[in-house]
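Heads up: the structure comes next, in structure tokens.
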Amino acid sequence: MGQSIRNELIRVLIASDATFLSGEEISRKVGVSRAAIWKHIEELRQEGYEIEARPRHGYRLVYRPDRVAPEEIYPHLQTVAFGREIRYLVQTDSTQIVAHQWAREGAPEGAIVIAEEQHQGRGRMGRVWHSPPQTGIWMSVILRPPIPLSHAPHLTLLASVAVRRALAKLTELPVKIKWPNDLLINGKKVCGILTELRGEQDQIHYVIVGMGINVNAQVADWPDWLKEVGTSLRHELGRPIHRASLLAEILAELEQSYQGYLERGFAPIREEWQQMAGILGEQITARTSQGSYTGIAEQLNEHGALLLRTEQGVVPVYSAEIEWQGDSSGEN
Ligand code: BTN
């Protein structure tokens, strides 16, 4: 109950757009006593919200700390299911671990786990994902798609298309997709996606789509290895971005793409992915567990594999590290 009053209070303060609202108005809008409002306002102040109180005018929101807490996300959320159930953690080892646990316990489709900081953020191929506090979006989305296991790679591609769209909507940055799961700006990685699933035979129990987006990181604070290969939206734009609004936009795009995929299949996603891919037509090297292949990246096939034209013929690549000229993101 306390949480929903708080969420509603924040929503009302944000909606008033920094103009004063009397205690009485707020209490009517939120549906609780003025004393309760006052108590919640005090709590919010403790957490870094600046709320000005002026006699005969009331209250107004002057500053909101940059948090990805549910009460900051909900006012921006336009989805039906995605992000409606949130587990918010100030710190965790990895949101993937928490999401797996929650999914096993029955989390609904579209539930998300989001953290301000991860100590053991997981990347693809057993790598570490650098996840310092309050600088990024470290989120895992739980899906329960009614699709065969063999179609699961579609979801990674779908997620990269959806995040790219959200970034294009909120910034004017030239974001490219690199197969299968990276988003790059000027050849440097700004977002990585890690898809993990549980299933048996040909049935999927659940899928966890983990996304790491470098939003407000100051690249100068990063370790040297990361500076070489990564970038942040703030670094590219020269200004910070409100993470909760971006997150809500990502969830809206993700929900829309996912519903579209369940209704119309993979073809539209594949089409959009191919238009946005930085590597089609380029000479690339794909390092797979079976060996390395060099050739021209031609297109995606219907399973989401990248078709590579090599001297030996066309090779479908299902899982690999990709290297190509103009991309500095290889090791991220
Ligand atoms: C990659 O290697 O490109 C994928 C990186 C995925 C990182 C995200 S951050 C949120 C979620 N939790 C994790 O531990 N990893 C993913």
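Note: Cβ is positioned from N, Cα and C throughout, glycine not excepted.
Record note: among 23-42, 83-102, 123-142, 183-202, 23-42 is the stretch given as DNA-binding region by TrEMBL. Residues of the same chain lying 6 or more positions beyond the ends of the DNA-binding region (23-42) and with a Cβ under 8 Å from any Cβ of it are 2, 5-6, 8-9, 12-13, 51, 53, 58-59. Neighbours of Arg122 (biotin binding site), defined as other CB atoms within 10 A of its CB across all chains, total 21. With all protein chains in the displayed structure included, the most crowded Cβ environment within 10 Å among the binding-site residues Gln118, Gly123, Lys189 is that of Gln118. Per the record's binding annotation for biotin, residues Gln118, Arg122, Gly123, Arg124, Lys189 show a top Cα-Cα distance of 19 Å. Sequence-distant contacts of Arg124 (biotin binding site), defined as residues of its own chain at least six apart whose C-beta falls under 8 angstroms from its C-beta, comprise Asn181, Gly192, Leu194. Looking only at the DNA-binding region (23-42), the predicted model's pLDDT averages out at 95.
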